[in-house]
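*Asks:* Sharing a structure here in structure tokens format.
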Amino acid sequence: MKRTHYCGELTRELVGKKVVLKGWADNRRDHGKLIFIDMRDNSGLVQVVCDFESNPEALEVADSVRSEYVLEITGTVRERSPENVNPDLKTGEIEVDCEDINVLNTSKTPPFFINENVDVDENIRLKYRYLDLRRPSMQNNIYLRHKITKLVRDFLDENGFIEVETPMLTKSTPEGARDFLVPSRLHEGSFYALPQSPQLFKQLLMASGVEKYFQIARCFRDEDLRADRQPEFSQIDIEMSFFEQEEFMKLMENMVSKLFKEVLGIELTKPFPRITYQEAMDRYGSDSPDLRYGLELHDVSDLVKDAEFKVFRETVASEGQVKGIAVPQGQEFSRKEIDDLTEFVKEFGAKGLAWMVLEEEEIKSPIAKFFSDEELDGIIDRMGANTGDLLLFVADEPEIVADSLSKLREHLANKLDLIPSNEYQLTWVIDFPLMEYDKDEGRYKALHHPFTSPYEDDLEKYENEPEKIRAKAYDLVLNGVEIGGGSMRIHQKELQEKMFEFLGIPLEEAKQKFGFLFEAFEYGTPPHGGIAFGLDRLVMLFTGSQSIRDVIAFPKTANASCLMTEAPAKVDENQLKELHLKTTK
């Protein structure tokens, strides 16, 4: 029979109406001549009552039903008695009087209950992902992912963008993460690479006259995994020709605002704040700052460069930094808690943590005696500190100071419960450095990628201050998480060649990897740029999920394996032979 309603749709307005439901047996309770079945589909759950007095045949079938049996039930909606109303259930005011029950499929006893209140090891959930996805929270995540994707498509379509698919089998051009390689059977010894992003193809689409492009792109990176990374992921990829950076950022603000309004019912204030990369690093120690709370970093290097405290003085003399955080009313921290904070920053390379407590009559600190009153007053004033505050300092190389204090800032905000719930702070971080120096490789590397356009007025700094060349790059940050990153692109062959020269990549090597792009630039490629939003991360933030694996239907584990399909797996020797490959293990 044709399904007439979904379980979660049944309300008091349908009392007396005959319905046909299809779904799973969530739970079964036997009360002798009455059997109750909680029936579930992706809309919700409803209670079905099988009564021996009115329908002994249906009761006999119901007696055989177990959890996760697939059922078709015909019955009449009726009101529950007042004492049996379940206020915690959307359909809690009604139930279905079963007239006919048909078992469409049986089920083995599941390895875990399909229930939100049951704590299940994640590896078990991933092994039986098809069961895990039946849970309402996972159904909600998958639905919201679909809704977000549809809203993005609709918005971009309304603004003149067209969706274009780019190749999945392409050329390996490693400059960053490792590529996933695919051997070619027809071209012995040659390999395709799965795309890390559609970067080159979307630029070629701009050269092709496709002025407004987008794609929900699948991307692949063979890198060491972290909690918020997957070897394969999706991004909302957008590129546009003939526009100014500010114009494009405003368009993206409108798109993100639409998502917040339609998905969360939240009206965002526009325009979003702008903060330069340098300001973000100076104030927060991070290029993805969380602006929902204070605890800003303060540079006191100039105030302590002549202090008697040797650690601070020598750090500044060796071109290091001394920065601190003022913790409001931190005088309540015990010495053990401060020692724990010291151990915490050591995890990020800091050698230690100096501290001062501002008491009513004095400064309590093992290092206070090494500073003059003038130096102490300067530190307190610079940090905006008040009586009762705890001042925490790290003295080290600028990179270590930034990393350790940004992590400490976040740690303290959580410890002190300073992060407001249900608040969303979006900001653009702009004017990134074009390059950063890689000590291991002994050369400069692109901070984003080598196709990012520099501010042309900054190019004169290449000889003496290459790290000060700014990029026309912009990241969108939400609550301390980068959700999108983009830039204006280089569209002229000469500037692109110069960029590779800056990066220490020989021109011949660059042409061997990217010659097709250089050639396209010789045929009138327009000015263009774009952005990519991490779809998985965006859905994770919208749903409040703790793991990115909870917003992907079939994710990989931390070691890039699939517990359900047991991928990756060894393949047949004949397959390897056809590909002209041999394995060493």
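In case you wondered, yes, glycine gets a Cβ from its N, Cα and C as well.
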*Asks:* From the ranges 7-10, 199-202, 207-210, 411-414, pick the one that Swiss-Prot records as region 'Aspartate'.
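*Replies:* Based on what Swiss-Prot states, region 'Aspartate' spans 199-202.
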*Asks:* Report the candidate from E163, E165, E482 that shares the ATP site with R221, D222, E223, Q230, G534, L535, D536, R537, as recorded in Swiss-Prot.
*Replies:* E482
*Asks:* Using other CB atoms within 10 angstroms as the count, which residue among the recorded positions H31, R221, R489 scores least?
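*Replies:* Among the recorded positions H31, R221, R489, the lowest count of other Cβ atoms within 10 Å belongs to H31.
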*Asks:* What's the CA to CA span in angstrom from R489 (L-aspartate binding site) over to E482 (ATP binding site)?
*Replies:* 20
*Asks:* Considering only the recorded positions H31, R221, H448, which residue has the minimal Cα-Cα separation from L535 (ATP binding site)?
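*Replies:* Spatially nearest to L535 (ATP binding site) by Cα position is R221.
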*Asks:* Hey, how far is R221 (L-aspartate binding site) from E482 (ATP binding site), Cα to Cα, in Å?
*Replies:* 18
*Asks:* Tell me, what is the mean pLDDT of the region 'Aspartate' (199-202)?
*Replies:* 96
